[in-house]
Amino acid sequence: MSILVKNNIHWVGQRDWEVRDFHGTEYKTLRGSSYNSYLIREEKNVLIDTVDHKFSREFVQNLRSEIDLADIDYIIINHAEEDHAGALTELMAQIPDTPIYCTANAIDSINGHHHHPEWNFKVVKTGDTLDIGNGKQLIFVETPMLHWPDSMMTYMTGDAVLFSNDAFGQHYCDERLFNDEVDQTELFEQCQRYYANILTPFSRLVTPKITEILGFNLPVDMIATSHGVVWRDNPTQIVELYLKWTADYQEDRITIFYDTMSNNTRMMADAIAQGINEVDPNVAVKIFNVARSDKNEILTNVFRSKGVLVGTSTMNNVMMPKIAGLVEEMTGLRFRNKRASAFGSHGWSGGAVDRLSTRLQDAGFEMSLSLKAKWRPDLDALELCRQHGRDIARQWALAPLPETTQKTAPAEEITTCAAADLGPKMQCSVCQWIYDPALGEPLQDVAPGTPWSEVPDNFLCPECSLGKDVFDVLATEAK
């Protein structure tokens, strides 16, 4: 099945609704993906890219239903990765002499995957053209390291379509092909996820390359990507977003992620978040347990954030393995213009937080002071965590924050008001976790200042996951 893109250009790619892992298992494609291949029928017939190798046979069969394979004059390979050029072996078995236009680096990659050095390769570089008849040409633009050394884009004159390779794409599967036809929230979420997890390391290359392409002074009516939608409605909107994302991007957002063995580090994360919110309620704070969260969502939030707090328990004197792996991935992504702080709990010796701080600094983050707690944090330790959050909120503020002021009411009056307004603290009889009405439980949408009587009946203890019926009034407050 083909889809008309524009005039004599048809999409002949493959949708992949089921794929959930990309680049091994490093990228979770939660909304599937597509492998976009395009067939151009002018005086010359041109195929731009193929599909993932697992769809090779199906792709060639479908292509044969669109055109006699022998009538394909040229094959353009913008990128040699297997999700772009994976069907070449199956296709070239049918038309072995058809010329393949690609960069010099692509020949090495294609031969490395397919092992056919005898194929009819034609090397192109930036500014080279290929006449396809009817007054139209293909213009080639090398885009090395966006995101492989072999990458290039292809521009078609007359129709003003830019075949952009991986740039401006997204792992997003939909029966509809064009950007104006799909759910806009989903689309732009996947665009940002794609950029944050794949193209961030090459941000410094993106702006010069876009500037170079714009320097050709060629109109762009459509951007036909290798994955996801074709941008036909205001295609420059995604270009403008890329230029924004390349500029050491950050929002007024803080990401907290952690791993924990006994919930001690989780308690610290909650308290730090409370402190941040207390001082700067306008900053967005997102908390993730790495063992229970989508790694790529965490990394996308780091990309969006002005700073990140990373927590780990100590295990054999080092950080938890999932934290170590995620920090290593952040090192490779080379985030810029971001601050960081390490925190965590330990038992007898510690070591993980210091190691984590060093790794975050090596990853290019501007470091703030770290925070450690021994064993399970008590009320005093949790207050230190909240104070750490308050300090972080002030240090990382994008604009000066108003000084917090407290009313100087007598201590007896404050105590009386608190008791009268909020009621007693409650303690879980199973794990001893304490609910403080003054603090609430933000992770369950229980706001600070919520008395126990107003806590929803479906409330669960954050540590042992049991319900309200196992809670008793804290012994020190029982009358």
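Backbone N, Cα and C define each Cβ position, glycine as well.
Residues Asp166, His227 are given by Swiss-Prot as Fe cation 2 binders; from Asp83, Asp97, Asp294, that same site also lists Asp83. On the 0 to 100 pLDDT scale, the model's mean across the domain 'Flavodoxin-like' (254-393) is 96. Of all the binding-site residues in the record (Glu81, His147, Asp166, Cys428, Cys464), the one with the smallest CA separation from Asp362 (FMN binding site) is His147.
Closest to His227 (Fe cation 2 binding site) in space, going by CA atoms and restricting to the binding-site residues His79, Thr260, Cys428, is His79. Nearest to Met367 (FMN binding site) in space, judged by Cα atoms and limited to the binding-site residues Asp83, His147, Asp166, Cys461, is His147. Of the candidate binding-site residues, Ala342, Gly347, Cys464, the one lying closest to Asp166 (Fe cation 1 binding site) when CA atoms are compared is Ala342.
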